[in-house]
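For 258-712, the entry in TrEMBL reads domain 'GPI ethanolamine phosphate transferase 1 C-terminal'. The feature transmembrane segment is assigned by TrEMBL to 269-290, 333-350, 371-391, 397-413, 420-438, 444-466, 508-529, 558-574, 615-633, 653-676, 688-708, 720-743 (among others).
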Amino acid sequence: QINILMVYSIQSFFNSSRSNQTLFSALNEDKVVLFLHLLGIDTNGHAHRPNSREYKENIKKVDEGVKEIASMIENFYGNDGKTAFILTSDHGMTDWGSHGAGHPSETLTPLIVWGAGVNYPQKVTSQFFEDNFLKDWNYVKMGMLLFAQADIAPLMASLIGVPFPLNSVGTLPLEYLNNSAHFKAESIFTNAVQILEQFKVKMSQKKETTLSFLFTPFKPLSESEQMNFLKKTRLYIQQQKYDEAVSLCKTLINLALEGLSYYHTYDRLFLGLSIAMGFVGWTSYVILVIIKTHTNLTKTVQTNNKESTVLFYVFAMVGMIIALFLLIQTCPWTYYVYCLLPVPVWYAVVREIPVIQDLATNLLSLHIAQSIRFLLACTLGIEILVFSFFYRSTLTIGLLVFAGWPVITQLWAQAKATALIWTLLCALLAIFPLMPVVGREPNIALVIATGLLTLLISCFSLASLSKSENKYRNNEDLKVHFYQMLSIALSTYVVSSTHDSLKNKQGLPVLNQIISWITLVSSSVLPLLSSTFLFQRLFSILLSLMSTYLLLSTGYESLFPLVLAGLMFVWINMEQEALQHYGLSRKPKLASFNFAYATDITQFRHLHLDDVRRSFFFVFFIVTAFFGTGNIASVNSFDPASVYCFLTVFSPFMMGGLLVLKVVIPFVLVSCAFEAIQVTTQLSSKSLFLLVLVISDIMALHFFFLVKDYGSWLDIGTSISHYVLVMSLTIFMMLMNGLAQLLTTKRLELPRRTKHHST
């Protein structure tokens with residue numbers, strides 16, 4: 001259908017030009033470019049995957065359509081032989097229907113050119129490819145060449161006879177041109193001059209904005225070298241040594257491109273050091289604030305006003321010198337932000353010298369070995385977090401270390417049963433980062449099994465809570481629980497039914513779609529109708545989120561939030577044991593703890609060293625939620641099949657929204673659990689987020705120096721995403737904390753029926 005519509009639209013376009021003189025004149029001008037975007041193949045690949053029958057049939061239809069359109073264009077221009085055709089693609093696709101990474105199946109695209117001014121294909125008996133992926137193409141007996149996508153722009157310009165695009169960085173692929181050696185040499189020479197001009201403009205811009213004694217030119221392409229290249233090339237062309245001229249031009253192009261990159265990143269070291277100083281200063285200041293206001297490690301020190309004034313003028317002078325330096329060099333306003341921001345930050349740090357001295361005195365009184373062990377543990381923990389962004393298996397190592405935490409801290413002897421369950425669940429959760437990325441191997445049977453397991457756990461929970469002291473206070477609580485169990489059962493049915501229907505090519509049943517959307521909406525309301533007792537409310541949140549998560553699952557990831565939630569429940573208990581172990585608090589009765597009264601807590605305790613570990617656990621579990629079943633920093637990790645219970649029509653924004661919801665669900669579980677830990681351990685949310693801020697800032701500094709501007713989409717995009725994710729971590733966790741407070745403390749009361757007794 002897409003093929004027929006495409007051909008019909010183009011036919012109508014040409015037919016309408018016969019009655020539209022303006023359009024007809026425009027089409028019959030010289031150097032006309034017609035652009036066709038054949039989107040159907042991309043949409044089909046995402047929906048059905050490249051190895052499917054539907055995709056192969058679509059390829060065949062589009063191929064026939066291209067042939068028909070090419071014939072149509074030739075006929076319109078009277079078969080004058082003056083039209084050139086270029087067929088290419090912006091990206092490839094993996095076997096599971098995604099793209100955006102660096103695999104050859106995603107980065108290698110066709111470049112097929114035919115028509116006016118285009119060389120004929122060269123027959124070969126064998127071909128050599130450095131890339132193993134291309135060895136499968138040896139059966140093609142036509143010569144295949146590798147070019148960059150940027151090379152298409154100069155190729156089009158050459159074919160229609162217009163100047164090369166001003167900012168193009170492509171190299172003209174001469175092998176495609178059917179022309180004389182002299183024309184090719186002149187063309188590549190023009191291409192080299194065009195790129196060299198970009199280099200010269202960039203160099204002059206940088207030279208004008210840099211003090212002469214600080215300017216370091218790109219030595220391989222000095223002015224004398226440029227003249228030498230140009231004179232030699234012109235001489236070779238005059239002497240008809242075209243091969244030598246082409247070779248020299250390609251060398252010049254490569255050097256000019258290197259020079260462009262050199263001047264583009266000229267200030268990178270300077271700006272990088274400024275940003276790093278800002279990071280270090282800010283992190284130092286936050287640590288000092290934590291120590292000063294949330295611990296009892298330092299005494300209150302009176303500030304000397306005279307010293308403070310002198311200090312202020314010193315830093316003000318430093319700021320003015322930096323601003324003057326930037327002004328002389330006519331730097332952009334962003335440079336002022338990067339370079340001046342560290343000044344007030346370090347001023348705030350230096351003002352706290354009495355606190356630093358007091359802290360140093362206290363630290364020296366501690367055992368050196370103990371301090372070194374603590375610093376090493378902190379460093380190792382943060383490095384594990386950083387590595388987990390690149391290697392998911394690092395999370396497995398971290399979780400296995402967590403499994404041994406009760407043994408290391410002697411908590412094992414205090415609560416054997418709880419410690420054993422903690423160890424088992426840590427080991428079970430550690431399996432997920434070792435599994436393949438979600439979506440590559442769908443397993444609907446496992447999703448259904450997860451739904452049934454959730455129902456079974458719900459039944460046991462209901463029976464257990466009914467027998468406990470804090471059983472449901474009224475029938476409304478029971479009804480909510482049963483509604484949630486029904487929602488789980490319906491979600492399990494919809495997943496199974498939808499999979500079978502799509503497998504039989506019957507589409508998404510309307511009833512299933514309605515149930516899915518109702519479940520999605522109700523999952524945000526039902527927890528607010530349940531009891532606010534700690535475990536009852538948390539379990540209600542789990543059931544509601546699981547009903548939605550099941551609908552968005554295609555395989556083993558459906559088990560992930562269930563195991564994660566189990567570990568979170570045990571973590572709440574373990575933290576109570578840890579508090580008692582360190583003598584910070586008596587052990588409260590968690591079963592009777594009510595979230596509704598948690599906001600009444602006004603007396604928060606000072607931070608203890610163990611609270612750093614507690615905050616680290618929180619950050620680690622958040623990162624585990626990020627990368628436990630995939631890599632949310634890359635769109636390549638997602639499978640469109642995850643949203644088929646809600647819609648099957650390709651809608652990027654709707655699909656993206658549903659996938660974001662799927663990603664957020666594990667975060668909500670971790671945040672709700674930590675909200676429970678925070679209120680039951682009387683831990684100030686402000687001190688908590690300051691600790692998290694320190695951890696995220698140290699990680700952000702790592703990722704700042706790992707940002708790339710070269711490589712595949714995945715390499716560049718992932719490096720930037722990692723930096724942005726960590727920078728946003730504190731804000732994101734504040735939002736999650738607000739959502740967790742809403743889900744745990746608020747309760748909606750349904751209007752009750754009033755009974756009328758007849759007399």
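Placement of Cβ uses the backbone N, Cα and C atoms for every residue, glycine included.
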Counting only residues 6 or more past its boundaries, what in the same chain has a CB within less than 8 Å of a CB in the transmembrane segment (397-413)?
381, 384-385, 388, 419, 422-423, 426-427, 429-430, 433, 574, 577-578, 581, 617, 620, 624
Tertiary contacts of the transmembrane segment (558-574), defined by C-beta under 8 angstroms and 6+ residue spacing from its ends, are 406, 411, 415, 418-419, 421-422, 425-426, 428-429, 432, 446-447, 450-451, 453-454, 457, 534-535, 538, 542, 545-546, 549-550, 590, 617, 621, 624-625, 628-629, 665-666, 669-670, 672-673, 676-677, 680
Surrounding residues of the transmembrane segment (720-743) on its own chain - C-beta under 8 Å, 6+ positions past either end
389, 527-528, 537, 541, 618-619, 622, 626, 633-634, 667-668, 670-672, 674-675, 685, 689, 692-693, 696, 699-700, 703-704, 706-707
The answer for the transmembrane segment (371-391), taking Cβ pairs under 8 Å and residues 6+ beyond its ends, is 363, 397-398, 433, 609, 612, 616, 619-620, 623-624, 627, 633, 695, 698-699, 702-703, 722, 725
Other parts of the chain folded back onto the transmembrane segment (653-676), taken as Cβ under 8 Å at six or more residues beyond its ends
520, 534, 538, 541-542, 545, 548-549, 552-553, 560-561, 564-565, 568-569, 571-572, 593, 595, 618, 621-622, 624-626, 628, 632, 638, 640, 642-643, 646-647, 732-733, 736-737, 739-741, 743-744
What mean pLDDT score does the domain 'GPI ethanolamine phosphate transferase 1 C-terminal' (258-712) have in the model?
83
